[in-house]
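One structure is given below, encoded as structure tokens.
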Amino acid sequence: MNFSKGDCKSKMVHGMVMLLFIYSTCLVLVQRVEAADPDPLVDFSANATTPVFRNIFANGDVSIGSGGVRAALDIGKFPGLTSQGLTVVQFKMVPCGENVPHTHPRATELLSLISGGPLQAGFVDTKGQAHIHILYPGDLIVFPRGLLHFELNVGTETAFYLSALNSQNPGTLDAAGAVLQLPERAAAIAFNQDIATVGALKSQRPYNEPPTLEAAKHGVCVPGQLISTTV
């Protein structure tokens, strides 16, 4: 069988296209793998002396706000978490306290209410649809990775709950605080407000770092009332 120069050129072009396709596919797969925490290379970190952490509210990364107490663990506080792709946070939230709207750019969160509350909790998806629910002790809710979410204690008892996140470094981005870090003109357009109003908000609302629980101002929330997904 004889091949013309045109046939050879066509086969070479086809081969180059196939190689480019294979390379692109491999690149996408590598990027998707690198987007998550890497798999552990050892059973247990050599830097960890024990798999047990005692009294997170005394020895963890604790922040105390007007809305309650937040206690977190990371590999600095608890080396046993190293390379496990996991972060744990526990909360004691007073009535009308809120974990203000925020995102975790590197992790999905699973929250479980242990006692007290109830909690109003939910997230907004990328279509702008809000998924708001009332949680009672024993209930769980998932906050998908990177989506804006919050928790508010709408009950009359302190809410004790915990969250597990599937990254040892999930990151926390305070939504309102982040917008107010933008130039005032940009923030004013985002909020559909004038620049003076945004300037006043900036002076009243610093970026929430470290993350703390905040209490509602008087009249905004009444413990045990309006336990609803719409208010």
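Placed from the backbone N, Cα and C atoms, the Cβ positions cover glycine too.
Keep in mind that what you see is a predicted model, and the values were worked out from it rather than measured.
Sequence annotations record features per position, and here TrEMBL assigns oxalate binding site to ASN99, HIS104, GLU109. The Mn(2+) binding site feature in TrEMBL is assigned to HIS102, HIS104, GLU109, HIS149. The feature domain 'Cupin type-1' is assigned by TrEMBL to 54-199. Marked as signal peptide by TrEMBL: 1-35.
In the predicted model, residues of the domain 'Cupin type-1' (54-199) average a pLDDT of 96. Listed in chain order, the residues near the Mn(2+) site other than HIS102, HIS104, GLU109, HIS149 are THR103, ALA107, PHE123, PHE143, LEU147, LEU148, LEU165, PRO170, THR172, each with its Cβ within 8 Å of the site Cβ centroid. In this structure, the C-alpha atom of ASN99 (oxalate binding site) lies 9 angstrom from that of HIS149 (Mn(2+) binding site).
For the oxalate site, the Cβ centre of ASN99, HIS104, GLU109 serves as reference, and the other residues of the chain with Cβ at most 8 Å from it are VAL89, HIS102, THR103, LEU111, PHE143, HIS149, SER163, LEU165, PRO170, THR172. The Cβ of GLU109 (oxalate binding site) lies under 8 Å from the Cβ of VAL142, PHE143, HIS149, SER163, ALA164, LEU165, PRO170, each on the same chain and at least six residues away in sequence. For HIS104 (oxalate binding site), the number of other Cβ atoms no farther than 10 Å from its own Cβ, over all displayed protein chains, is 23.
The Cβ neighbour count for HIS102 (Mn(2+) binding site), using a 10 Å radius over every protein chain in view, is 19. ASN99 (oxalate binding site): 28 other CB atoms within 10 A of its CB, across all protein chains.
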